[in-house]
Amino acid sequence: MSDTSSHEVVQPEGETRCGFVALVGAPNAGKSTLLNALVGAKVSIVSHKVQTTRALVRGLVIADNAQIVFVDTPGIFAPKRRLDRAMVTTAWGGAGDADLVGLLIDARKGLDDDNLAILDKLGETGRRKVLILNKIDTVRRDTLLALAQEAAARTPFERVFMVSALTGDGVQDLIAYFAEEMPAGPWLYPADDISDLPLRALAAEITREKLFARLHDELPYASTVETEKWEVRPDGSARVEQTIYVERESQKRIVIGKGGQTVKDISMQARKEISEIAETTVHLFLFVKVRENWGDDPERYREMGLEFPRG
Ligand SMILES: Nc1nc2c(ncn2[C@@H]2O[C@H](COP(=O)(O)OP(=O)(O)OP(=O)(O)O)[C@@H](O)[C@H]2O)c(=O)[nH]1
């Protein structure tokens with residue numbers, strides 16, 4: 001994991017290709033799971049609850065001299081709150097910049113209103129696009145074929161893929177196709193990058209995942225985690241300080257738990273995973289703070305790589 005701007009990227013021999021693929025889809029379609037399957041490492045957050053992906057996260061795959069940069073977009077849904085609108089704007093923005101858009105549909109769900117709206121919107125963009133029917137481990141083949149036909153009749157796609165992000169079925173075919181379709185050009189990232197998401201942000205996402213895994217019914221989505229400090233010690237270990245921001249005192253008490261046990265458990269789980277990803281011993285210190293009305297603060301949006309929606 002490194003800062004690409006400060007690097008001379010070593011290019012492989014021969015012709016190289018490099019491009020961006022935006023994954024779009026309704027909440028819970030399986031974008032994060034697919035991204036992780038594609039990249040083969042954890043770069044995005046998976047949850048049973050919808051709408052967990054808050055920032056654009058990029059995963060990197062190298063195949064056949066092509067570098068494929070995946071843009072994971074927040075779930076595209078009918079936005080109500082300001083924050084939600086920002087996520088949607090950013091999601092479509094990501095799709096607009098990409099060389100290829102992969103629309104992910106949960107095959108079990110089929111073409112519900114959400115998916116129909118996304119199909120229509122994608123049809124209007126005139127972008128190159130492929131349809132990815134996901135979760136094929138859960139549905140019959142004839143259902144899949146009918147679904148593929150129905151979707152293609154509504155919006156034409158260059159290709160239709162059938163995958164299970166969970167089992168990895170079909171994922172290699174998808175990589176081979178993307179690799180072939182990327183435009184000719186130099187690699188943008190060093191080959192050993194799994195993600196250009198800075199380690200700090202990734203560490204915050206990990207803690208956030210543990211927080212929600214533990215307290216999913218009790219916390220609103222407005223809770224965030226920020227890595228305030230990442231200090232490398234002489235022995236190579238890191239002291240990492242993170243703050244969990246909640247909206248109310250009552251939520252703070254829930255996060256801390258009786259005798260501090262809840263936050264301690266979350267910290268232990270997060271520390272283990274952050275250590276693995278950082279490939280060093282991590283000493284994690286978690287703080288819990290109340291921050292009211294942060295959803296209306298433009299600065300927060302910028303920090304998350306989101307556009308602040310006016311009005
Ligand atoms: N059975 C099955 N479940 C899957 C598959 N792919 C994803 N899931 C499950 O579907 C749920 C949602 O997956 P995510 O990857 O979090 O979905 P997402 O589209 O990134 O969701 P947001 O972050 O809300 O946009 C999780 O419980 C996954 O385990 C699959 O191929 N088969």
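Heads up, the Cβ atoms here are built off N, Cα and C, so glycines get one too.
All annotation found in TrEMBL is predicted automatically rather than curated by experts.
Mean pLDDT across the domain 'Era-type G' (17-184) comes to 79 in this model. Residues or ranges marked as domain 'Era-type G' in TrEMBL: 17-184.
Residues or ranges marked as region 'G1' in TrEMBL: 25-32. Under DSSP, the residues of the region 'G1' (25-32) split into helix, strand and coil as follows: 2 helix, 1 strand, 5 coil.
What TrEMBL records for 25-32, 72-76, 134-137 is GTP binding site. Within the same chain, the residues at least 6 positions away from ILE136 (GTP binding site) whose Cβ sits under 8 Å from its Cβ are ALA107, LEU144, MET162, VAL163, SER164, ASP169, GLY170, listed in sequence order.
What TrEMBL lists as region 'G2' is 51-55.
Annotated region 'G3' per TrEMBL: 72-75, in sequence order.
Within the chain, the region 'G4' (134-137) has long-range Cβ neighbours (under 8 A, six or more residues past its boundaries) at 25, 29-30, 34, 104-108, 144, 162-167, 169-170. Annotated region 'G4' per TrEMBL: 134-137, in sequence order.
Per TrEMBL, the feature domain 'KH type-2' maps to 215-292.
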| query | Which of these binding-site residues (ASN28, LYS31, ILE136) have a C-beta closer than 6 Å to some atom of ligand 1? | reply | ASN28, LYS31
